[in-house]
Amino acid sequence: MKEEQIKQIVEQVIKTFEEAQSVPMEVPVEVSARHIHLSKEHISLLFGSEDQLSIIKELSQPGQFQYDKRVTLIGPKGSIGNVAILGPSRDETQVEISYTDARALGIKPPLRESGDLQDTAGIIIATGHKAINLEGGVMIAKRHIHMTPKDAEVFHVKDGEHVKVRIESKRPIVLEDVLVRVNEKYGLSMHIDHDEGNAAAYQPGTTGKMIK
């Protein structure tokens, strides 16, 4: 191979690398307030049937929505009312709260990825007239980024990878150990809880810059 050809190849590699580095690594950030995903069984026990629930708002993730009804969480130390119910229903009930919520309720839920319910905390879930004792299912959700496979290619990450994200706000902070979740059905968005949002002085429209 001639020296000129080698030079052209090296220049192309450098150009490709620089272009990759120049790709904006920003993602929209959303604060995920305390909420619950109910199983069909628990919807029936609390409300009679799923027909009693109406969708009032579509969420940023395709196919996800909020119902019109709310529940109260009751723990050994206190209770938290007006907790949103998100749909669609799941195979198992899952409750996502913050560390501040956990202290107010008097429980010690683990930090988990959504869907990992083994050895999670219990809680009483109540409506105006009915209540169920959930033996497990309460967690503090790990901060994470939803993205499509195409997004993952652009950001040079893969499903299950952990990254750092600098929250671009009036009170910028760097969040480590942010889980990347990749699926065709997802929409690009980073989810943090209220504790993390308050620490960063979050406001709607806040973005995060991914740090590899």
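Cβ atoms here come from the backbone N, Cα and C positions, even for glycine.
What Swiss-Prot lists as CoA binding site is V31, S32, A33, K77, N198. In three-state terms derived from DSSP, S32 (CoA binding site) belongs to neither a helical nor a strand segment and is classed as coil. On its own chain, S32 (CoA binding site) has E96, A141, H191, I192, D193 as residues at least 6 apart in sequence with a Cβ closer than 8 Å to its own Cβ.
All chains included, 18 other C-beta atoms sit within 10 angstroms of the C-beta of H35 (Zn(2+) 1 binding site). If you look up Swiss-Prot, you'll see H35, H37, E96 marked as Zn(2+) 1 binding site.
The feature phosphate binding site is assigned by Swiss-Prot to R90, with similarity to another entry given as support. Cβ environment of R90 (phosphate binding site): H37, L38, S39 lie under 8 Å away, each six or more residues apart in the same chain.
Annotation source Swiss-Prot lists Zn(2+) 2 binding site at H144, H146, H191. H191 (Zn(2+) 2 binding site) carries a strand DSSP state (E or B).
Neighbour density at the Cβ, taken as the number of other Cβ atoms within 10 Å, is lowest among the binding-site residues H37, K77, H146, H191 for K77. Other residues of the same chain near the Zn(2+) 2 site, with their Cβ within 8 Å of the Cβ centroid of H144, H146, H191, are S32, R143, I145, L179, R181, S189, M190. In the three-state DSSP assignment, the secondary structure recorded for H144 (Zn(2+) 2 binding site) is strand. The most crowded of the binding-site residues listed here (V31, A33, E96, H144, N198) is E96, judged by how many other CB atoms sit within 10 Å of its own CB. Highlighted in sequence order, S32, R34, I36, A84, L86, Q94, V95, A141 have their Cβ within 8 Å of the centre of the Cβ atoms of H35, H37, E96, the residues recorded for Zn(2+) 1, and are not part of that set.
Here the Cα atom of H144 (Zn(2+) 2 binding site) is found 11 Å from that of V31 (CoA binding site).
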